[in-house]
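Engineer: Attaching a single structure in structure tokens format; questions to follow.
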């Protein structure tokens, strides 16, 4: 039975197990008639109404485009990796943080007076020249009257000195020491700045480090000279001989229990001097708070005497305090809080734990992927990383390290004796560092997890006027120190949790893969009312489109080759003498068209009156019939007795 007969009998053509459609029209008709996507069948059922067909086609394509536009928005939102912040409040006992207090004075003046006497004397001369300053009229002792000023100065005053500058950074050639008929720029209405000149090693490239205030300029200039002096002194000699904690902390207790030597560690800060960290968690078990309130925290009585302060470097009286986590270094100059003399300062704390997402969700790190060597003995901290990065850059480009930062291995601090142009190099780098041109802030990302303490401070006069006498008397006898200035030499500090509720803030992905698929499914159902299997049908349609395209291309190529072969066959019938050569060329082209043509020379058939032959039928003994035609036998496999009528009806064989 032929295919047409099967189609006529069954009403539908039988589909093969693996087969494709012959044209795009058949493919789209089958898809529109059988798909579960809404609206597609309308395009086929309305094919006799062109207006409906066009309308439903436009509607389908428009809806399809809007849906995929929504898909694009959803994918854009997903790949932006948004996060949600979750806040929770918990109540439990709290580990007390580390508390660091510093004296606000790098050295007691009587300890370093020998090293700084010449610098202080020269500073007084500068003040006298620029501002007509006389320390004797202020009731202070002049540093130039000290016998320690004799000898060679430890700094090069001709290299860098304070100068008044106009808007063009031109030095003001103003009064000199002892001049009585000259005037200072500060008496003029014209604006002048004050600063000092910095040059490179050759002296060819120079710039002025200027300030609008003479106080700021003098402190920065003095600090620069102070570094040049102290950096030349071995670190062992820099240790103050009078470094007992009792000279700074008169009393200490936590939860109404006295502190011990195991509860604190000491270190020296280059600007703030002796610093003591309580509850650092290294030498003893960390403190814990079970009850909130000012009476259940850390209480310190501090000495804040100002008589032994460095006059040109320590311009603030009191002490400095910083509350920080145990595994973080104290950066007193960045986050500290000053304590006033004669005042009781109460600092209430509330703990916060922050947890961020890294990777594609945020630019945070745990420090393992940071390429900056941490110069601080602590866990990863952004401030420590930034300072370490800046110090490494200074060492690399200036050949020495900045005195206020820890040193990398094998480096030494900058000073005139080691690098005369280090100031020029440092201030140039600092400007680039502040503008983030060195890349330190980009390299040092914020940590993914850290603990923060929100603080509120309250102040009150301490001791009061009626209790000042007996409190200072007791403190003087207990610490064997004569307090001549009363409450101006002492201060009290309280650090406590004002509540044991602590807040946890965490980030979580707000648009996950599940959310994306859910939203895309909602959009698909909204615009087409379909399911996941409908998406599979769309994928099948795309695959069939590709397959039909390949079939159509191969069919066209075959037809082109067939047309070429037919034209060459006609040429063969008229050029018999060259048949051999043409057959060879045709064979080459037929191979390219995936066809083989066999050409044979045959003799013309004999002329007969009729093509009907009467051939006797011979039956074999086994009841098989044999017909003899042109000396060739054709065997019939069916028994003769079973089909007599059929054999008779067949009649003669026609060739």
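A Cβ is built for glycine as well, from the same backbone N, Cα and C atoms used for every other residue.
Checked Swiss-Prot, it gives:
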TOPO_DOM  1-55  topological domain 'Cytoplasmic'
TRANSMEM  56-76  transmembrane segment
TOPO_DOM  77-531  topological domain 'Extracellular'
DISULFID  102-275  disulfide bond
DISULFID  199-206  disulfide bond
DISULFID  252-259  disulfide bond
DISULFID  364-448  disulfide bond
DISULFID  385-444  disulfide bond
DISULFID  385-425  disulfide bond
DISULFID  389-440  disulfide bond
DISULFID  398-448  disulfide bond
DISULFID  398-425  disulfide bond
DISULFID  400-414  disulfide bond
TRANSMEM  532-552  transmembrane segment
TOPO_DOM  553-655  topological domain 'Cytoplasmic'
REGION    561-587  region 'Disordered'
COMPBIAS  562-586  compositional bias 'Polar residues'
Engineer: Pop the Cα-Cα gap between residue 252 (disulfide bond) and residue 444 (disulfide bond) into the table, whole Å please.
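Structural biologist: Cα to Cα, residue 444 (disulfide bond) and residue 252 (disulfide bond) are separated by 37 Å.
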Engineer: Fill in the CA-CA distance, residue 389 (disulfide bond) to residue 199 (disulfide bond), as an integer in Å.
Structural biologist: 24
Engineer: List only the single closest residue to residue 206 (disulfide bond), chosen from the disulfide-bonded residues 102, 259, 364, 440 by CA-CA distance.
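Structural biologist: Out of the listed candidates, the nearest Cα belongs to 440.
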Engineer: Take the topological domain 'Extracellular' (77-531) and average the pLDDT across it for me.
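Structural biologist: Its mean pLDDT is 82.
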Engineer: To the nearest whole angstrom, state the Cα distance for the pair residue 425 (disulfide bond) and residue 275 (disulfide bond).
Structural biologist: 30
Engineer: Counting Cβ neighbours within 10 Å across all chains shown, tell me which of the disulfide-bonded residues 252, 400, 444 comes out on top.
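Structural biologist: Answer returned by the neighbour count: 444.
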Engineer: Three states by DSSP: which one describes residue 425 (disulfide bond)?
Structural biologist: helix
Engineer: Using Cα-Cα distances with a 10 Å cut-off, which of the disulfide-bonded residues 199, 259, 364, 398, 440, 448 are near residue 414 (disulfide bond)?
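Structural biologist: Among 199, 259, 364, 398, 440, 448, the ones whose Cα sits within 10 Å of that of residue 414 (disulfide bond) are 398.
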Engineer: Helix, strand or coil: which one is residue 440 (disulfide bond) in, per DSSP?
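Structural biologist: Where residue 440 (disulfide bond) sits, the three-state DSSP reduction gives helix.
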Engineer: Please report the Cα separation of residue 400 (disulfide bond) and residue 199 (disulfide bond) in Å, rounded to an integer.
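Structural biologist: Checking the Cα atoms of residue 400 (disulfide bond) and residue 199 (disulfide bond) gives a distance of 17 Å.
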Engineer: So which one is it: of the disulfide-bonded residues 199, 440, 448, which has the fewest other Cβ atoms within 10 Å?
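Structural biologist: It is 199 that, of the disulfide-bonded residues 199, 440, 448, has the fewest other Cβ atoms within 10 Å.
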Engineer: Between the Cα atoms of residue 448 (disulfide bond) and residue 252 (disulfide bond), find the distance and write it as a whole number of Å.
Structural biologist: 35
Engineer: Which one is it: of the disulfide-bonded residues 199, 385, 398, 440, whose Cα lies the shortest distance from the Cα of residue 259 (disulfide bond)?
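Structural biologist: Result: the closest of the disulfide-bonded residues to residue 259 (disulfide bond) is 385.
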Engineer: Determine the most Cβ-crowded residue among the disulfide-bonded residues 206, 259, 275, 364, using a 10 Å radius around each Cβ and all protein chains in the structure.
Structural biologist: 275
Engineer: Given the disulfide-bonded residues 252, 364, 385, 440, which one's Cα is the least distant from that of residue 199 (disulfide bond)?
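Structural biologist: Comparing Cα positions, the closest of these disulfide-bonded residues turns out to be 440.
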